[in-house]
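To start, the structure under review is shown below, and the notes come after it.
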Amino acid sequence: MSCRVPEGADRVSGFDVNRLDDAIHGRLRLGIMAYLMDAEAADFNELKALLDATQGNLSVHLRKLEEAGYVEIVKSFQGRKPLTRAHITTAGRAAFAGYLEALSKLVEKR
Amino acid sequence: MEAPDLQKEDAQKDQAHGDLAFLKSLVSQGPKAQVTAGQVFAVAGAAYSAQCFLYWLQIMLGWQWPGWLQIAVAVAPIAVLVGFIGWVFWRDRNEAGQGVATRALNSAFGSAGLANLALCLVFGYVSATQQNFLIWLLYPPVSCAALGACWYIAFMVRRKWWLLGVAFGWWGTAMALGFLIRNMAGYLLLLSIALLVLMVVPGLIMARPGKADDAGEPSAGGAHKDLAFLKALVTEGPKAQRGAGQLFLIAGVLYGLQCFGFWVQMAFQLTWPTEAYVFIGFAPTVLFLAAMFWMMWRDRKDSMHGAATRAINGAFGSAGLANLSMCVCLGYVSASEKSQLIWLLYPAVVSAFQGACWYVAFVVRRKLWLAAVSAGWFLTAVTMGFLITDIGNYLFVFGIAMFALMAAPGYVMSRTGRGG
């Protein structure tokens with residue numbers, strides 16, 4: 001899901017859609033961030049099962065969050081199997097809080 | 001252009017409501033692997049309950065069992081349980097990654113197993129070296145306290161009141177077994193009934209396929225609640241970590257100093273006035289309780305929405321409650337048997353329960369240093385069992401553990417939780 005909206009839509013009743021963080025906005029990335037707010041760390045397979053995502057799709061979204069500095073990806077091995085684990089960062093926690101703040105402007109509006 | 005703008009706003013609003021409902025349902029998803037845990041509990045409870053009941057019958061009817069039957073009754077529950085757990089592991093080996101609530105719940109049950117293993121070594125060793133069967137009879141009450149702790153964590157994760165009832169049932173059983181320690185028949189019958197009521201029945205309830213979690217349908221009124229839920233989630237983890245960390249730091253320093261105080265007195269054979277003994281004996285507990293109640297008051301409005309935060313708080317809280325039940329049980333038996341050695345088992349039990357709760361924290365948070373703290377506590381529990389007749393070194397080891405495995409991790413937790 002993209003946050004691109006037509007020009008002018010950001011002016012409605014003081015809600016500024018541009019304040020929604022592009023790196024987080026999108027169901028899969030939002031899901032990852034919300035889950036990591038509680039769990040702090042999650043394995044790739046755990047996120048894949050939880051979000052019902054495909055391997056490729058989840059990889060792409062995790063990379064976007066990593067590029068934004070919101071999650072840290074640690075790769076290791078568990079026995080012979082590769083293990084990818086995502087950890088929430090302080091910047092990620094702050095960004096998610098900011099995102100919710102921006103969203104609340106829309107939701108709390110009468 | 002007013003009307004299209006309003007339409008767009010409504011569309012954005014609908015989307016935001018949908019997103020919020022989705023996120024809330026995602027984060028509040030219940031544990032999924034409880035069916036397996038329930039099956040294990042039902043099998044284990046039935047096997048051990050039958051064993052206790054047979055022993056009880058043997059006493060009541062004055063049976064004389066042949067050797068092979070004695071061995072069969074002693075070994076059968078272990079064989080059944082180990083075989084069943086092995087089969088369950090094999091059956092579920094390809095299960096997909098589990099959510100944090102499932103991990104928390106499984107770790108709670110796993111931690112009770114680890115604590116039991118460490119304490120089995122401690123009680124077995126002390127009982128054998130002291131040639132005192134009564135000490136071995138204290139092992140089941142400790143196991144009951146550990147089971148109470150894991151059901152308390154299950155209550156914290158799943159928020160079902162019957163789970164809290166099971167937890168308190170186990171702690172009540174732990175204390176009652178202490179009171180019945182000289183009444184073998186009553187002791188065995190109570191244990192048999194407790195295993196049936198507090199393990200088989202809850203296990204069967206858990207093993208039933210549960211209802212699906214609420215889908216979190218979007219609604220205008222619900223959106224505000226969903227938003228508040230998610231906002232709380234951002235800060236509650238670090239806040240809870242900070243609170244628990246501060247409490248561990250205080251407890252570790254106070255009780256560490258207490259151990260070293262008594263160790264110095266013993267090592268250098270110092271004679272202190274009575275007031276000094278009373279101060280070192282009671283001041284740490286008074287100061288710790290004051291700090292704990294102040295923190296509980298300070299953090300009384302903090303939320304606990306996330307399963308991970310609830311599980312970790314539950315683990316640390318359950319260790320405290322399990323310790324309390326064991327304090328009553330071991331305190332009573334130690335006083336009634338006039339045996340200081342029995343009371344000295346208490347710090348080893350505390351260490352094993354600490355190992356269990358740090359294990360839960362490790363499984364939930366997936367940080368290796370938490371596993372090291374957990375392993376350290378289990379090692380301390382076993383070491384203290386071996387040193388139980390060497391009071392000086394016993395106190396020294398416990399003092400070191402208090403600083404290295406309680407105060408230091410507490411400091412780290414309070415530092416990392418500052419961001420909240």
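Cβ atoms are placed via backbone N, Cα and C, with glycine included.
Features reported for this protein in TrEMBL:
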TRANSMEM  B:40-61  transmembrane segment
TRANSMEM  B:67-90  transmembrane segment
TRANSMEM  B:102-127  transmembrane segment
TRANSMEM  B:133-154  transmembrane segment
TRANSMEM  B:161-181  transmembrane segment
TRANSMEM  B:187-207  transmembrane segment
TRANSMEM  B:247-264  transmembrane segment
TRANSMEM  B:276-294  transmembrane segment
TRANSMEM  B:315-335  transmembrane segment
TRANSMEM  B:341-361  transmembrane segment
TRANSMEM  B:368-388  transmembrane segment
TRANSMEM  B:394-413  transmembrane segment
Top Cβ-contact partner of the transmembrane segment (B:315-335) among B:40-61, B:67-90, B:102-127, B:341-361, B:394-413 (pairs under 8 Å): B:341-361
Close approaches to the transmembrane segment (B:394-413) from elsewhere in its chain (Cβ under 8 angstroms; 6 or more beyond its ends): 241-242, 244-253, 255-260, 262-263, 266, 344, 347, 351, 354, 358, 369-370, 373, 376-377, 380, 383-384, 387-388
Contacting positions for the transmembrane segment (B:368-388) when only residues 6+ beyond its ends and CB under 8 Å are counted: 114-115, 118-119, 121-123, 125-126, 341, 344-345, 347-349, 351-352, 354-356, 358-359, 361-362, 394, 397-398, 401, 404-405, 409, 412
Range from B:102-127, B:133-154, B:161-181 with the greatest count of C-beta pairs under 8 A to the transmembrane segment (B:187-207): B:161-181
Close approaches to the transmembrane segment (B:102-127) from elsewhere in its chain (Cβ under 8 angstroms; 6 or more beyond its ends): 31-34, 37, 40-41, 133, 135-136, 138-139, 142-143, 146-147, 149-150, 153-154, 157-158, 307-308, 310-312, 314-315, 341, 345, 348-349, 352-353, 355-357, 359-360, 362-364, 378, 381-382, 384-386, 388
Folded-back contacts onto the transmembrane segment (B:247-264), same chain, C-beta under 8 angstroms, at least six residues removed: 270, 280-281, 283-284, 287-288, 291-292, 295, 392, 395-396, 398-400, 402-403, 405-411, 413-414
Long-range environment of the transmembrane segment (B:67-90) - Cβ separation under 8 angstroms, sequence gap at least 6: 36, 39-40, 43-44, 47-48, 50-51, 54-55
